[in-house]
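Undergrad: Handing you a structure now.
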Number of protein chains: 2
Amino acid sequence: MTIVYAAIICGLIAVIYGVLTSQQVLRAPAGNEKMQDIAAAIQEGAKAYLGRQYRTIAIVGVVVLVLVWFFLDNHGTPVSAVSFALGAVLSGVAGYVGMNISVRANVRTAEAARTSLQGGLTMAFRSGAVTGLLVAGLGLLSISGTFLYLAGHDGANAGAPVVVKALTALAFGASLISIFARLGGGIFTKAADVGADLVGKVEAGIPEDDPRNPATIADNVGDNVGDCAGMAADLFETYVVTIGVTMISVALALRNADHLLAIMSLPLIVGGVCILTSILGTFMVRLGSSGSIMGALYKGFWTSVVLSIPAIYFATQYTLGDMHAAIGGNAFLDGSGASAEAVAGTAAGAITGMKLFWCMMIGLAVTGLLVWITEYYTGTNFRPVRSIAKASETGHGTNVIQGLAISLESTALPTLVIVVAVVVAYQLAGVIGIAFAATAMLAQAGMVVALDAYGPVTDNAGGIAEMAGLPDDVRHRTDALDAVGNTTKAVTKGYAIGSAALAALVLFNAYTSDLGRDFPSLTVDFQLSNPYVIVGLLLGALLPYLFGAMGMTAVGRAAGAVVEEVRAQFRDDPGIMAGTSRPNYARTVDLVTKAAIKEMIVPSLLPVLSPILVYFIIAGVAGQAEGFAALGAMLLGVIVSGLFVAISMTSGGGAWDNAKKYIEDGNHGGKGSEAHKAAVTGDTVGDPYKDTAGPAVNPMIKITNIVALLLLAALAAAGAG
Amino acid sequence: MTIVYAAIICGLIAVIYGVLTSQQVLRAPAGNEKMQDIAAAIQEGAKAYLGRQYRTIAIVGVVVLVLVWFFLDNHGTPVSAVSFALGAVLSGVAGYVGMNISVRANVRTAEAARTSLQGGLTMAFRSGAVTGLLVAGLGLLSISGTFLYLAGHDGANAGAPVVVKALTALAFGASLISIFARLGGGIFTKAADVGADLVGKVEAGIPEDDPRNPATIADNVGDNVGDCAGMAADLFETYVVTIGVTMISVALALRNADHLLAIMSLPLIVGGVCILTSILGTFMVRLGSSGSIMGALYKGFWTSVVLSIPAIYFATQYTLGDMHAAIGGNAFLDGSGASAEAVAGTAAGAITGMKLFWCMMIGLAVTGLLVWITEYYTGTNFRPVRSIAKASETGHGTNVIQGLAISLESTALPTLVIVVAVVVAYQLAGVIGIAFAATAMLAQAGMVVALDAYGPVTDNAGGIAEMAGLPDDVRHRTDALDAVGNTTKAVTKGYAIGSAALAALVLFNAYTSDLGRDFPSLTVDFQLSNPYVIVGLLLGALLPYLFGAMGMTAVGRAAGAVVEEVRAQFRDDPGIMAGTSRPNYARTVDLVTKAAIKEMIVPSLLPVLSPILVYFIIAGVAGQAEGFAALGAMLLGVIVSGLFVAISMTSGGGAWDNAKKYIEDGNHGGKGSEAHKAAVTGDTVGDPYKDTAGPAVNPMIKITNIVALLLLAALAAAGAG
C-alpha cells in the first residue's frame with residue numbers, strides 16, 4: 001500500500017497548497033472602503049445562497065442516506081452510507097471553500113489591477129488555483145482514504161465487493177450534490193444575469209454592473225455560486241467517478257490477477273503525481289512579451305500537461321515494475337456476458353504497463369485536443385465566432401440562426417476525437433484502456449479547474465471596478481482579464497463532458513459486470529436487435545432534452561421574476577435611477593435564491609428517478625432480463641444524446657458571448673450598433689445554454705449511470721436475483 | 001396475386017382522383033388580370049427552380065444509377081438499376097405534378113375567397129388532396145408493380161432475393177431524390193422567406209408580401225418548391241420505404257412460411273384500402289357551424305382514420321383468411337444472429353392475423369396521438385405557444401430562450417408514444433408487428449399529405465391577395481385559411497419522423513438479417529458492450545447535428561445573398577420603393593435558385609457517403625465484423641439522435657411561428673409592439689429549423705439505412721464475404 005500512501009501525501013500537498021495560497025490571497029490589500037462594501041454585499045449574498053442550497057440538499061441527502069443504508073447496506077454496517085456521506089460532504093466542502101476564496105479574491109484582483117495587469121492576473125489565477133487544487137486534492141484523498149480503509153493495510157481486500165460498493169456509493173454522494181449544485185447555481189447565475197441585462201441594459205439603458213441596478217449584486221453573486229461553487233462540485237464528482245470507476249473496472253476485470261493491488265493503486269498515484277505537475281504549472285502563469293492573457297494561462301496548462309508525461313511514465317513504472325510484463329493475464333470474468341478478452345485484454349495480447357501508459361497518453365491528447373477545439377469554436381480569432389458576429393449585421397434572427405448552426409457544428413470534432421480515442425485505447429488495452437485514458441484526463445483537473453475558477457473572480461473584479469467608480473484604465477485591465485474567461489469556462493465544460501463520455505463507457509461495463517456477478521442465472525440480451533435495447537436508448541436519449549428544457553424554462557421563469565422585482569424597485573423609489581438612493585440589493589439576492597432553490601429540485605430528481613422507473617416498468621411488462629437490457633441501454637442513450645446536447649450548448653453559448661465581445665471590440669459597427677443589439681440577444685440566448693442546461697448534463701449522465709449500478713446492487717441485496 | 005391486383009386498382013383510383021380533382025381546380029375562375037400576372041410569375045419561378053433542381057439531381061442520379069448497376073446488378077440484368085430509376089422518377093413526378101397544381105390553385109383560392117371562406121377552403125384543400133393522393137397512389141403503384149413483375153403472376157418468387165433487392169433499390173431511388181428535394185426546396189423557401197423579411201419588414205418597414213419587395217415572388221415560389229414539391233418527394237419516399245421494408249422483413253423472416261405471398265401482399269392492400277378511406281375523407285372537409293377551419297380539416301382526417309379501422313380489418317381478413325390461425329409458425333432465420341423468435345414471433349406465441357390487425361391499430365393510434373401532440377405544441381390555444389408569446393414581452397432573448405426550451409420539451413411525449421408503440425407491437429408480433437404498425441401509419445399518407453400541401457396554396461393565396469390589392473375582407477379570409485397551415489405543416493413532419501423511427505427499427509432488422517444471409521461465417525457482435533457499437537452509435541448520432549448545421553448555415557448564407565440583392569435593387573432604382581417601377585422579381589428568383597442548388601449538394605451527400613466511410617475505416621482498423629457492427633450501430637445512432645433533432649426543430653419552429661401569429665391576433669400588445677418584434681425574431685429563427693434542417697432529417701435517416709443495406713448487398717455481390 002506504499003503507492004496509496006504516496007497518493008494520500010500528494011492529496012495532502014494539494015490541500016496545503018490551497019491553504020498557503022489562500023493566505024497569500026487574503027494578505028493582499030482589499031481596496032478602498034467602497035470596494036470593500038460592494039465585496040461584502042457579494043460575500044453575504046453568496047454565503048446566504050450557498051447556505052440555503054446546502055440545507056435543501058441536506059434534506060434530500062439525508063433521505064437518500066437512509067435509503068442507501070437500508071437497501072445497499074441491508075441495514076447493517078453502514079459502509080455504503082458512510083461513503084455516500086463522505087462523497088457528498090467533501091463535494092460540498094470543495095465548492096464552499098472555493099467560493100469563499102473567490103468572493104474575497106474578486107476585490108483584491110480589482111485592487112491589484114490598479115497597479116498592473118500582471119498583478120490582477122496573479123491574484124485571480126491564484127484564487128482559481130486554490131479551488132482547482134482543492135477539488136483534485138479532496139477528490140484524491142476521499143478515494144484513497146476509502147480504499148486504504150477497506151482494502152486493509154496490506155491490500156488483501158483490494159478487489160473485494162465491499163470496496164466496489166463503497167467506491168460506487170462515494171461517487172453517488174459526490175454526484176448527487178453536484179447535480180443540485182450545478183443546476184441550482186446555474187439557475188441562480190443566469191436568472192440574475194439575464195434578468196439584470198433585460199431590465200438594465202435593454203429597458204433602462206444603463207450599462208452592465210451599473211450600481212443603480214438592484215440586480216447587479218445578484219449577478220455578481222451568481223458568478224460565484226454558479227461558475228465557482230457549482231463547477232467545483234461538478235468537477236469533484238467527475239474526478240471521483242472517473243478514478244473510482246477505473247479502480248472498480250480493474251477490480252471486476254482482474255479479480256484474480258497477481259498485481260491487482262498495484263493496478264488498482266495506479267489511478268491513485270497518477271492522480272497524485274499530476275497534482276504535483278499542476279502545482280508546478282500554476283507557477284508558470286506569467287504574461288510574456290506579447291502581453292497575451294490567454295497565452296499566460298496556457299503556459300500554465302501546457303506546463304502541467306507536458307510535465308505529466310514523464311510523471312505518469314515513472315509513476316506507472318514504479319507501481320507496476322516491469323513495463324513490458326503481461327498483467328492480468330490470468331484474469332477472467334465469471335458470467336458477466338462480456339468476454340474476458342473484451343474486458344481485460346485485447347486481440348493484440350495481454351495488457352502491459354507500457355500499453356496502459358500509452359492509453360493515459362491518449363487521455364492527455366484528448367484533453368489537449370478538446371481544449372484546442374473549444375478555443376477554435378469560442379475564440380474571437382476564428383471563423384465560428386466571426387461568422388456569428390457577421391450574421392449580427394442582418395439582425396437578431398440571423399445572429400441566432402448562425403449561433404445555432406455553430407452550436408450544432410461544434411459537436412463534430414470533439415465526437416471524432418472521442419471516437420478515435422475509444423478505438424485506439426480499446427485496441428491497446430480493452431475497456432480498461434479506455435478507463436485509464438479517462439483517468440489521465442481527469443488527473444489534469446487541478447489545472448483545468450484553476451483556469452475555470454479564474455473566470456468568476458475576474459468577472460466580479462470588473463463589476464466591483466465599475467460599481468466603485470475606479471478609473472478607466474483599471475476597468476480596461478479587468479475587462480481584458482475577464483475577456484478570456486468565456487473561453488476558459490467553455491474549455492472546462494468541453495473537458496468535463498468529454499471525460500464523461502469515456503467514463504460512461506466504463507460505467508456501462510461495470511454495469512454488465514455487476515449484472516453477471518449478481519444475477520448469474522439471468523441472460524440479458526444487449527444486442528441492438530432487441531427492441532427493449534432500442535427503447536432504453538430512446539428513453540436515455542430523451543433525458544438530456546427534457547432536462548435541458550426544464551433548465552431553460554427555470555431560468556426564463558426566474559429571470560422574469562427578477563425583471564419584475566427590479567421594475568418594482570425602480571417604480572417605488574425614483575431616487576434609485578437618479579443615483580440618490582441605494583437600491584435594495586439584498587432583496588433581489590433573496591428572491592433569486594428562493595427561485596433557484598425551488599427550480600432546481602424537479603430537474604435534479606429526473607436522472608435519479610428515471611432509471612428506477614424504466615427498470616420497474618419494463619421488467620413488469622417484459623420480465624427482469626428485458627428490464628435490465630432497457631436500463632443498460634438507457635445508460636448509453638443518455639451519453640449518446642447528452643454528449644451532443646452538452647457540447648452544442650456550451651460551445652454555442654461561448655461563441656455567442658464572444659461574438660458580442662468581438663463586436664464590442666469595434667467590429668461590425670461596435671458597441672451600440674444594430675449588430676451589437678443583435679449580438680446581445682444571442683448572448684442572452686447563450687447564457688442558459690452554456691451556464692445552466694449544458695454543463696448540468698455532465699453530472700446528469702453520471703448520476704443516471706450510478707443510480708443504475710446502485711439499483712442493481714440493491715436488487716441483488718434484496719435477494720431479487 | 002388477386003390482392004396485388006386489387007392494390008394496383010386502388011393506386012390507379014388515386015391517380016384518377018388526382019386527374020379529376022385537378023380538372024375541377026383548373027376549371028375554377030383564376031381571378032383578374034393582375035392576379036393572373038402575379039400567379040404567372042410564381043408559376044414561372046417555381047418551374048424554373050424545379051427544372052434546374054431535377055437536372056442537377058439527374059446528374060447525381062445517373063452516376064448512382066451506373067454504380068447501382070455495376071455493383072448491385074453485377075453489371076448484369078439491371079433489376080436494381082431499373083427499380084432505382086423507377087423510385088427516383090416517380091418521386092420526382094409526385095413532387096412536380098403536385099407543385100404544378102399548387103401554383104395554379106393559389107390564385108383560384110384567392111379568387112374563391114372573394115365570395116366565401118368555404119370556397120377558398122375547398123379550392124386549397126382540393127389542390128392539397130391532388131398531391132396527397134398522387135403521393136400515395138404513385139407510391140403504391142411503384143411497389144405493387146415491381147412486386148408483381150418480379151414475384152411472377154403466380155407469386156412463386158415472392159420471397160426471392162431479387163424481390164428484396166429490387167424493393168431496396170426502389171426505396172433508394174425515392175430516398176435519394178427526396179433528400180435533395182427536401183433540402184434544396186427547404187433552402188430555397190427559407191432563404192427567400194428570411195431574406196425577404198429581413199430586408200422588407202425589418203429594414204424597409206414594408207409589410208409581408210408587399211409588391212415593392214423584389215424578393216416577394218421568390219418567397220411565394222419557395223412555399224411551393226419547399227412545402228409542396230419537397231414535402232411530396234419526402235412523403236413518397238417515406239411511403240415506399242415503409243411499405244417496402246415491411247414486405248422485405250416479411251420475406252426475410254417468414255421465408256418458408258405457407259402464407260408468404262399473402263402476408264407480403266397485406267401491406268399493399270392495406271395501403272390500397274386506406275387510399276379509398278382517404279378519398280372519402282377529402283369529401284368531409286367542410287366548415288361546420290363553428291366556422292373552425294382546423295375543425296373542417298380534422299373532420300376529413302378523422303373520417304379517414306376511423307374508416308380505416310374496419311377497412312384494415314376486412315382487408316386483413318380477406319387476405320389471410322382465418323384471423324386466428326398461426327402464420328409463419330414454421331419460419332426460421334438462418335444465421336442472422338437474431339433469434340427466430342425475436343423476428344418472426346413472440347413469447348406470446350405465433351403471429352396471427354388478429355395480432356397483425358392490432359399492430360396496425362397501434363399505427364393508427366400513433367398517427368392520431370402524434371397529430372394531437374403536435375397540435376398541442378404548435379397550436380395557439382395551448383400553454384407552449386402562449387408561453388413563448390408571453391416571454392416575448394421581455395424581449396428577443398427571452399422569446400428565443402423559451403422557444404428553445406419548448407423545442408427541447410416537445411420531444412418527450414412523441415418519444416413516449418413511440419416507445420409504447422414499439423413495446424406493444426413487439427409483444428404482439430415481434431419486429432414484424434412494428435413493421436405493420438408503421439405501414440398502417442403510412443397508409444394514411446394520402447390524407448396527411450393533403451393537409452400539408454394545403455398550406456403553401458393558402459400562403460400563396462394570401463400573398464396574391466395582398467399584391468393584387470384585393471379588399472380587406474378577402475385578405476382576412478386568406479389569412480384565416482393560412483393560419484392553420486403552420487399547424488398542419490408541423491403535424492406532417494411529426495408524423496413523418498415518427499414513422500421514420502418505426503421504419504428504422506425494421507430497417508436495422510433487415511440489415512442484421514441480410515448480414516446473416518450474406519456473411520454466414522461472420523460473427524458480428526451488436527452487444528452494447530462492444531466499443532465499436534458505441535463508436536457507431538456516436539458517429540450515427542453526429543450525423544443529424546452536422547447535417548442540421550449545414551442546412552442552417554446554407555439558409556443563412558443564401559438569405560444574406562437575397563438581402564444584398566434586394567438592397568441593390570432598392571439602391572439602383574428608387575422608383576421601386578416609391579411604387580412607380582416594378583422590381584425585378586425574376587432576378588431574385590434566379591439568385592435563390594442558384595444558391596439553393598449549390599447549397600444542397602454537400603449536405604445531401606453526407607448521409608450517402610458516411611456509412612460507406614465508417615464501414616471501410618472501422619473494417620480496416622479492426623476487421624470486417626467490427627466494421628459491420630459499427631455500421632449497424634450507426635444506423636440506430638442516426639435515428640436515436642435524429643428523432644430528437646427533427647421533432648425539436650419542427651415543433652419548436654411551428655410554436656415560434658404561431659406565437660407570432662398569436663401576438664398578431666392582438667395579444668401582448670399586438671402587431672407593432674415590442675413583443676411582436678421579439679416574436680418576429682423567434683419566427684425567423686424557427687424558419688430554417690422547421691422548414692429546412694428539421695424535415696430533411698427524415699429522408700436523411702432513411703438514406704443512411706438504405707445505403708448500409710446496399711453496401712452489404714454490394715459487398716456480398718463482390719464476393720467479399
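Placement of Cβ uses the backbone N, Cα and C atoms for every residue, glycine included.
Caution: TrEMBL annotation is automatic and unverified by curators.
According to TrEMBL, the record shows the following:
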SITE      B:K489  site 'Determinant of potassium independence'
TRANSMEM  B:6-26  transmembrane segment
TRANSMEM  B:54-72  transmembrane segment
TRANSMEM  B:84-103  transmembrane segment
TRANSMEM  B:162-181  transmembrane segment
TRANSMEM  B:236-254  transmembrane segment
TRANSMEM  B:260-285  transmembrane segment
TRANSMEM  B:356-374  transmembrane segment
TRANSMEM  B:416-438  transmembrane segment
TRANSMEM  B:494-511  transmembrane segment
TRANSMEM  B:531-548  transmembrane segment
TRANSMEM  B:628-647  transmembrane segment
TRANSMEM  B:703-720  transmembrane segment
Undergrad: Any chance the transmembrane segment (B:54-72) and the transmembrane segment (B:6-26) are in contact, meaning at least three CB pairs closer than 8 A with a sequence separation of 6+?
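TA: Per Cβ check, the transmembrane segment (B:54-72) does not touch the transmembrane segment (B:6-26).
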Undergrad: State, in range form, which of B:6-26, B:260-285, B:531-548 has the highest count of Cβ pairs under 8 Å to the transmembrane segment (B:416-438).
TA: B:260-285
Undergrad: Checking distant contacts: for the transmembrane segment (B:236-254), what same-chain residues at least six beyond its ends satisfy Cβ-Cβ under 8 A?
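TA: Cβ under 8 Å, 6 or more out: 87, 90-91, 94-95, 135-136, 138-140, 142-143, 147, 158-159, 163-164, 167-168, 170-171, 174-175, 177-178, 260, 263-264, 267-268, 271, 327-328, 331, 333, 336, 343-344, 430-432, 435-436, 438-439, 441-442, 445, 496, 499-500, 502-503, 506-507, 509-510, 513-514, 517, 698-699, 702, 706.
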Undergrad: Is it true that the transmembrane segment (B:703-720) and the transmembrane segment (B:84-103) have 3 or more CB pairs under 8 Å, sequence gap of 6 or more?
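TA: No; fewer than 3 Cβ pairs under 8 Å.
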Undergrad: Per DSSP, B:K489 (site 'Determinant of potassium independence') is which: helix, strand or coil?
TA: helix
Undergrad: In the same chain, who gets a Cβ under 8 Å from the transmembrane segment (B:531-548) while lying at least 6 residues past its ends?
TA: 525, 603, 606-607, 610, 614, 618, 622, 626, 629-642, 645-646, 649, 693-694, 696-697, 700-701, 704
Undergrad: May I ask which of the stretches B:84-103, B:260-285, B:494-511 has the most CB pairs under 8 A with the transmembrane segment (B:162-181)?
TA: B:84-103
Undergrad: Is it the case that the transmembrane segment (B:494-511) and the transmembrane segment (B:84-103) touch, counting contact as three or more CB pairs under 8 Å in which the residues of each pair are 6 or more positions apart?
TA: no
Undergrad: Report, as numbers and ranges, every residue of the chain located at least six residues beyond the transmembrane segment (B:628-647) whose Cβ falls under 8 Å of a Cβ in that stretch; write 'none' if there are none.
TA: 410-411, 414-415, 418, 493-494, 497, 500-501, 504-505, 507-508, 511-512, 515, 519, 522, 524-526, 530, 532-545, 548, 607, 610-611, 614-615, 618-619, 693-695, 697-698, 700-701, 704-705, 708, 711-712
Undergrad: Cβ distance under 8 Å to B:K489 (site 'Determinant of potassium independence'), same chain, sequence separation 6 or more: which residues?
TA: B:D227, B:D452, B:G455, B:G654, B:K690, B:D691
